[in-house]
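Enquirer: Annotated active site, proton acceptor per Swiss-Prot: GLU109, in sequence order, evidence recorded as sequence analysis. The active site, S-methylcysteine intermediate annotation in Swiss-Prot covers CYS359. Positions annotated as [4Fe-4S] cluster binding site by Swiss-Prot: CYS129, CYS133, CYS136. Summarising the annotation, Swiss-Prot assigns S-adenosyl-L-methionine binding site to GLY183, GLU184, SER215, SER237, LEU238, HIS239, ASN316 and lists sequence analysis as the type of evidence. Taken from Swiss-Prot, the feature disulfide bond covers CYS122-CYS359. The domain 'Radical SAM core' annotation in Swiss-Prot covers 115-354.
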Amino acid sequence: MSEQIVTPESSTPVVPNKEAKINLLDLNRQQMREFFKNLGEKPFRADQVMKWMYHYCCDNFDEMTDINKVLRGKLKEVAEIRAPEVVEEQRSSDGTIKWAIAVGDQRVETVYIPEDDRATLCVSSQVGCALECKFCSTAQQGFNRNLRVSEIIGQVWRAAKIVGAAKVTGQRPITNVVMMGMGEPLLNLTNVVPAMEIMLDDFGFGLSKRRVTLSTSGVVPALDKLGDMIDVALAISLHAPNDTIRDEIVPINKKYNIETFLGAVRRYLEKSNANQGRVTIEYVMLDHVNDGTEHAHQLAELLKETPCKINLIPWNPFPGAPYGRSSNSRIDRFSKVLMSYGFTTIVRKTRGDDIDAACGQLAGDVIDRTKRTLRKRMQGEVIDIKAI
């Protein structure tokens, strides 16, 4: 695992400036109100504009009919609503859609998963990933940069625009958001938290905090910070029943071991209402690596002090990976052991694997990792991950 990451970008300025238009997708509601105040307008104008932006997926000020023409003219001079564009779309036979979304000169991937009673969007937080988990395709691409707020919430906006805005169709285009796409969300708190605030805001997408899930591999100091910043559902990428295996497949474990990680999880649960007292454990099933019945018993003992439900994830292959997918029989035996201890255990249904949209398969378009250090020096201060 790389010991260094690029620092998150500084907060977006909210002072109107004709020389550099502000992308309103970069602003949460508090920042939007400050922006309108600095524009000489009443704060409620921010709520009006946000409603147009997120309820109607409107990016044209002239279409905001309850806003006077003078203000619309002002907004066109100093602001814009610019979501990242879809440059490629792939549709799976099971209804899953994967969009390649342009962020600058690179791409990230966003996945839309429709079901009978919900529609889930899997959102990326970084271009690439620094954590180098051995079973994940994204990690093999290396890390390039953090996404801005507008590039994170813009994925939700763009998907809602394509599927159909709530005020247009009469129903929510997206009911759940999972921060489980490309990147480690906790290494981009500066931008991930405001984006999630917009997802939850009634003038944003208005999602329940129980329907916005952040998944982390275990950046413990940032997880402790998260608990003081926002309350959303938490999923943890555990994937191993002991430190020996986790050190190998999830290298950040060498810095923050399982005991330290689970301690931070329990602290988050104490502060959270969204999780209703328990966390979701994600456990990818790797053939003869972490999927034996002895591993299941170890996992049950490990988690006995952590209220949780367990999602077993059949591993999704990618070229050059050194692993195999566990057989259905091994997954079934593993699941039965966990249930014998009283754990709620679910085997996740694989969706979108025929278009490389399943868990662990997102790759996007990341510049060759051999240039990582040079890129970091060019893009901003390089800091030690311990500082996060």
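Cβ atoms are placed via backbone N, Cα and C, with glycine included.
The structure displayed is predicted, hence computed values, not measured ones.
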Enquirer: Could you measure between LEU238 (S-adenosyl-L-methionine binding site) and CYS133 ([4Fe-4S] cluster binding site) for me? Cα positions, answer in whole angstrom.
Expert: 11
Enquirer: Once the DSSP letters are reduced so that anything not helix or strand counts as coil, what is GLY183 (S-adenosyl-L-methionine binding site)?
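Expert: The residue in question, GLY183 (S-adenosyl-L-methionine binding site), is coil (DSSP, three-state).
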Enquirer: Can you name the recorded positions among GLU109, CYS129, CYS133, GLU184, ASN316 whose CA is within 10 A of the CA of CYS122 (disulfide bond)?
Expert: GLU109
Enquirer: Do me a favour and check the Cα-Cα span between SER215 (S-adenosyl-L-methionine binding site) and GLU109 (active site, proton acceptor); whole Å is fine.
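Expert: Distance between the two Cα atoms comes out at 16 Å.
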Enquirer: Restricting the comparison to the binding-site residues CYS129, CYS133, CYS136, which residue's C-alpha is spatially nearest the C-alpha of ASN316 (S-adenosyl-L-methionine binding site)?
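Expert: With Cα distances computed to ASN316 (S-adenosyl-L-methionine binding site), the winner among CYS129, CYS133, CYS136 is CYS136.
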Enquirer: Would you list, in sequence order, the recorded positions among GLU109, CYS129, CYS136 whose CA lies within 10 Å of the CA of SER237 (S-adenosyl-L-methionine binding site)?
Expert: none
Enquirer: With every protein chain in view, how many other Cβ atoms are within 10 Å of the Cβ of HIS239 (S-adenosyl-L-methionine binding site)?
Expert: 25
Enquirer: Using a 10 angstroms cut-off on Cβ to Cβ distances, just flag whichever of CYS122, CYS129, CYS133, CYS136, LEU238 is the loneliest among these recorded positions.
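Expert: Fewest other Cβ atoms within 10 Å, among the recorded positions CYS122, CYS129, CYS133, CYS136, LEU238, is found for CYS133.
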Enquirer: Quick check for the class: what is the C-alpha distance, in angstrom and rounded, between GLU184 (S-adenosyl-L-methionine binding site) and CYS136 ([4Fe-4S] cluster binding site)?
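Expert: GLU184 (S-adenosyl-L-methionine binding site) to CYS136 ([4Fe-4S] cluster binding site), Cα-Cα distance: 12 Å.
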Enquirer: Round to a whole number and give the Cα-to-Cα distance in Å for the pair GLU109 (active site, proton acceptor) and CYS129 ([4Fe-4S] cluster binding site).
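Expert: About 13 Å separate the Cα atoms of these two residues.
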Enquirer: On the 0 to 100 scale, where does the mean pLDDT of the domain 'Radical SAM core' (115-354) fall?
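Expert: Computed over the domain 'Radical SAM core' (115-354), the mean pLDDT is 94 on the 0 to 100 scale.
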Enquirer: Just the number: how many Å between the Cα atoms of GLY183 (S-adenosyl-L-methionine binding site) and CYS133 ([4Fe-4S] cluster binding site)?
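Expert: That comes out at 11 Å between the alpha carbons.
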Enquirer: Taking only the Cα atoms, work out how far HIS239 (S-adenosyl-L-methionine binding site) lies from CYS133 ([4Fe-4S] cluster binding site), in Å, as a whole number.
Expert: 10
Enquirer: Please report the three-state DSSP label of the residue listed as 'active site, proton acceptor'.
Expert: strand
